[in-house]
Ligand SMILES: O=P(O)(O)OC[C@H]1O[C@H](OP(=O)(O)OP(=O)(O)O)[C@H](O)[C@@H]1O
Ligand SMILES: O=C(O)c1cc(=O)[nH]c(=O)[nH]1
């Protein structure tokens with residue numbers, strides 16, 4: 001995986017078991033008619049439902065332990081002061097990681113609530129705290145920028161985000177995050193899942209060909225299937 005020029009390397013926690021877990025718990029979906037549509041507007045023949053992991057205690061423990069290792073955090077020794085989950089899918093992972101690292105937890109709303117405190121950040125954030133942003137997954141990373149900016153506007157220092165799964169196929173995704181001062185740590189990408197899916201013969205041959213076509217050129221695939229057509 002390419003390292004964005006001029007920034008720290010993305011920390012690829014490379015945990016092959018995470019890819020196997022996602023396949024085993026049915027988190028990897030493939031469908032052509034109709035294709036999936038992502039939050040960012042891309043059309044895709046695949047969807048990764050990392051949310052399912054919350055229902056599997058042994059598997060989620062494995063993933064959180066791998067995340068804590070990749071991030072270098074343990075009780076009394078962490079390179080950040082608090083852990084913030086992105087609404088909604090990031091919140092349980094942030095809670096478990098905060099617990100594993102014995103750190104305070106926060107969460108970030110997609111939008112200000114519109115009434116009450118009208119805040120995007122929940123929990124007690126102290127000015128100047130180093131906050132790790134946690135989410136379930138990243139495709140092109142746009143949601144990470146929004147969550148990180150909300151934390152920064154509230155006074156946090158945010159220079160690292162963690163996701164269980166990073167697509168690893170959208171050109172420039174890591175570089176764009178790095179240019180915005182955000183380095184991404186992740187445990188598995190689509191290339192890990194594809195390797196495991198091929199070994200387990202998880203997709204019939206025609207679907208595998210379609211999945212490969214998307215992974216190798218997601219923008220062209222999306223444009224040809226009614227989705228977003230440009231970065
Ligand atoms: O934009 P990216 O950084 O690449 O990440 C993709 C986002 O899409 C999903 O959230 P979704 O918008 O479906 O909301 P949810 O968490 O409330 O389900 C996922 O949880 C990420 O936040
Ligand atoms: O970008 C998204 O909306 C998205 C893609 C995906 O594979 N999984 C998911 O939960 N969200």
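Just so you know, the numbers here start at 1 and follow the chain as drawn.
Any Cβ shown, glycine's included, is placed from N, Cα and C.
Features as listed in TrEMBL:
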type    : residues                                                   : note
BINDING : 109, 110, 113, 135, 136, 137, 138, 139, 140, 141, 142, 143 : 5-phospho-alpha-D-ribose 1-diphosphate binding site
BINDING : 139                                                        : orotate binding site
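Everything TrEMBL records as a feature, shown here on the structure.
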{"residue": "109", "record": "5-phospho-alpha-D-ribose 1-diphosphate binding site", "contacts (Cβ under 8 Å, 6+ apart)": "87, 119, 120, 121, 122, 150"}
{"residue": "113", "record": "5-phospho-alpha-D-ribose 1-diphosphate binding site", "contacts (Cβ under 8 Å, 6+ apart)": "119, 120"}
{"residue": "136", "record": "5-phospho-alpha-D-ribose 1-diphosphate binding site", "contacts (Cβ under 8 Å, 6+ apart)": "50, 51, 53, 89, 90, 93, 163, 164, 165"}
{"residue": "138", "record": "5-phospho-alpha-D-ribose 1-diphosphate binding site", "contacts (Cβ under 8 Å, 6+ apart)": "144, 161, 163, 165, 166, 167, 173, 184, 186"}
{"residue": "139", "record": "orotate binding site", "contacts (Cβ under 8 Å, 6+ apart)": "38, 39, 40, 42, 167, 170, 173"}
{"residue": "140", "record": "5-phospho-alpha-D-ribose 1-diphosphate binding site", "contacts (Cβ under 8 Å, 6+ apart)": "40, 42, 167, 170, 173, 176, 231"}
{"residue": "142", "record": "5-phospho-alpha-D-ribose 1-diphosphate binding site", "contacts (Cβ under 8 Å, 6+ apart)": "39, 40"}
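Among the binding-site residues listed (109, 113, 139, 140, 142), 139, 140, 142 have a CB atom closer than 6 Å to some atom of ligand 1, in sequence order. Those residues noted as binding 5-phospho-alpha-D-ribose 1-diphosphate (109, 110, 113, 135, 136, 137, 138, 139, 140, 141, 142, 143) have their most widely separated CA atoms at a distance of 25 Å. According to its DSSP assignment, residue 142 (5-phospho-alpha-D-ribose 1-diphosphate binding site) is helical. Selection of the binding-site residues 109, 113, 138 by a Cβ distance under 6 Å from ligand 2 yields an empty set.
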